[in-house]
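To keep things clear, I will list the structure first and then write my remarks on it.
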Amino acid sequence: MAESHLLQWLLLLLPTLCGPGTAAWTTSSLACAQGPEFWCQSLEQALQCRALGHCLQEVWGHVGADDLCQECEDIVHILNKMAKEAIFQDTMRKFLEQECNVLPLKLLMPQCNQVLDDYFPLVIDYFQNQTDSNGICMHLGLCKSRQPEPEQEPGMSDPLPKPLRDPLPDPLLDKLVLPVLPGALQARPGPHTQDLSEQQFPIPLPYCWLCRALIKRIQAMIPKGALAVAVAQVCRVVPLVAGGICQCLAERYSVILLDTLLGRMLPQLVCRLVLRCSMDDSAGPRSPTGEWLPRDSECHLCMSVTTQAGNSSEQAIPQAMLQACVGSWLDREKCKQFVEQHTPQLLTLVPRGWDAHTTCQALGVCGTMSSPLQCIHSPDL
């Protein structure tokens, strides 16, 4: 994908800092306490145990800590700079207006557009000026804390390995991306606050649900894998032993960074910031199944077509993909156009034996659903 096309997706990044990501930080403290032998078995385990820097320096290759920190901060700065391009606000605004127009409850359309008018400029300005690259990279274990560690008393043993000291807050909001809430937004309620004791409506208007739903829709549209490939071009100082691993690692931890930005910053925060919403995600109506994704979206089309093709011989793949377009719920014309457009790439991807979602993710039409840590772009790894 050309960089000019990637730019428009990068410009969607900052307002989605609080989107629901897919990185699951579930490795237990007991497992991580096993030490480097466990941490460095895979990139995902190194990340979950906050030992990525250790594994890169001591186990997987020879690289200085300062180099790793600079690489990580470079990636964050690149993403941040690209997100501030002139077309950013126009691209985001048009996308959100389109989402307002396809809300399942038409009564919400005027309120949705009013929320955009009132709060869109505030949110954009805030996130463009508050990203803390060092905090994000420190969370990944690629940068050291700028504050000296407290000295340990003689005779006292540390029960946990270094990467597990100082457990991270959950969410990370206060220390990473939102170090200080802006006074103007913190002090005054917005015109669309959820406080119904002060404003009486014929029905309770679910602005907080609306806010979260819009953020989730934006986050789902960002092709993290494609962005990581572009950002990997900054890889220049990781002299690992096997050829190609440098670029692969850059792609991998670019996706990790994106997941940190998109996944660990909960949608409740932005909506609380501008609408005084509760941090309780159970409040208000739930998003409809599939978050009102159209049934014939490219991701759905791709997964249906790929599933059908995966059950066929290599010679029969083209016919099998067209046969999938006769499915009862698919838009036949859109499906055929999709097959015609992507047949060359799918003929290469389908025989690799990946599941349908991984194949469509590699094609760039589905977002990351499971682990983002597979380096699918380098067949040698």
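The chain as shown is numbered from 1 upward.
Each Cβ is built from the backbone N, Cα and C atoms, and glycine gets one as well.
What you are looking at is a predicted structure, and each value in this text was computed from that prediction instead of being measured.
As written in Swiss-Prot, here are the features:
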SIGNAL    1-24  signal peptide
DOMAIN    25-65  domain 'Saposin A-type'
DOMAIN    65-147  domain 'Saposin B-type 1'
DISULFID  CYS69-CYS143  disulfide bond
DISULFID  CYS72-CYS137  disulfide bond
DISULFID  CYS100-CYS112  disulfide bond
CARBOHYD  ASN129  N-linked glycosylation site
DISULFID  CYS208-CYS277  disulfide bond
DISULFID  CYS211-CYS271  disulfide bond
DISULFID  CYS235-CYS246  disulfide bond
DOMAIN    295-370  domain 'Saposin B-type 3'
DISULFID  CYS299-CYS366  disulfide bond
DISULFID  CYS302-CYS360  disulfide bond
CARBOHYD  ASN311  N-linked glycosylation site
DISULFID  CYS325-CYS335  disulfide bond
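This view paints the features noted in Swiss-Prot onto the structure.
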{"residue": "CYS69", "record": "disulfide bond", "Cβ within 10 Å": "20"}
{"residue": "CYS112", "record": "disulfide bond", "Cβ within 10 Å": "20"}
{"residue": "CYS143", "record": "disulfide bond", "Cβ within 10 Å": "22"}
{"residue": "CYS211", "record": "disulfide bond", "Cβ within 10 Å": "27"}
{"residue": "CYS299", "record": "disulfide bond", "Cβ within 10 Å": "20"}
{"residue": "CYS302", "record": "disulfide bond", "Cβ within 10 Å": "25"}
{"residue": "ASN311", "record": "N-linked glycosylation site", "Cβ within 10 Å": "9"}
{"residue": "CYS325", "record": "disulfide bond", "Cβ within 10 Å": "20"}
{"residue": "CYS335", "record": "disulfide bond", "Cβ within 10 Å": "22"}
{"residue": "CYS366", "record": "disulfide bond", "Cβ within 10 Å": "23"}
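Per Cα geometry, CYS335 is the residue among the disulfide-bonded residues CYS137, CYS211, CYS325, CYS335 nearest to CYS299 (disulfide bond). Least packed by the Cβ count within 10 Å, out of the disulfide-bonded residues CYS72, CYS100, CYS137, CYS360, is CYS100.
Across the fold, the C-alpha of CYS335 (disulfide bond) and the C-alpha of CYS366 (disulfide bond) stand 15 Å from each other.
If you measure from the Cα atom of CYS325 (disulfide bond) to that of CYS302 (disulfide bond), you get 10 Å. It is 35 Å from the Cα atom of CYS137 (disulfide bond) to that of CYS112 (disulfide bond).
Comparing C-alpha positions, CYS302 (disulfide bond) sits nearest to CYS366 among the recorded positions CYS100, CYS112, ASN311, CYS366. Following the DSSP three-state reduction, the secondary structure of CYS366 (disulfide bond) is coil. Cα of CYS143 (disulfide bond) to Cα of CYS72 (disulfide bond): a distance of 8 Å. Cα-Cα distance from CYS69 (disulfide bond) to CYS360 (disulfide bond): 32 Å (rounded to the nearest whole number).
Taking CYS100, CYS211, CYS360 as the disulfide-bonded residues under consideration, the smallest Cα distance to CYS72 (disulfide bond) is found for CYS360.
In this structure the C-alpha atoms belonging to ASN311 (N-linked glycosylation site) and CYS360 (disulfide bond) are separated by 16 Å. In terms of Cα spacing, the disulfide-bonded residues CYS112, CYS360, CYS366 that come within 10 Å of CYS211 (disulfide bond) are CYS112.
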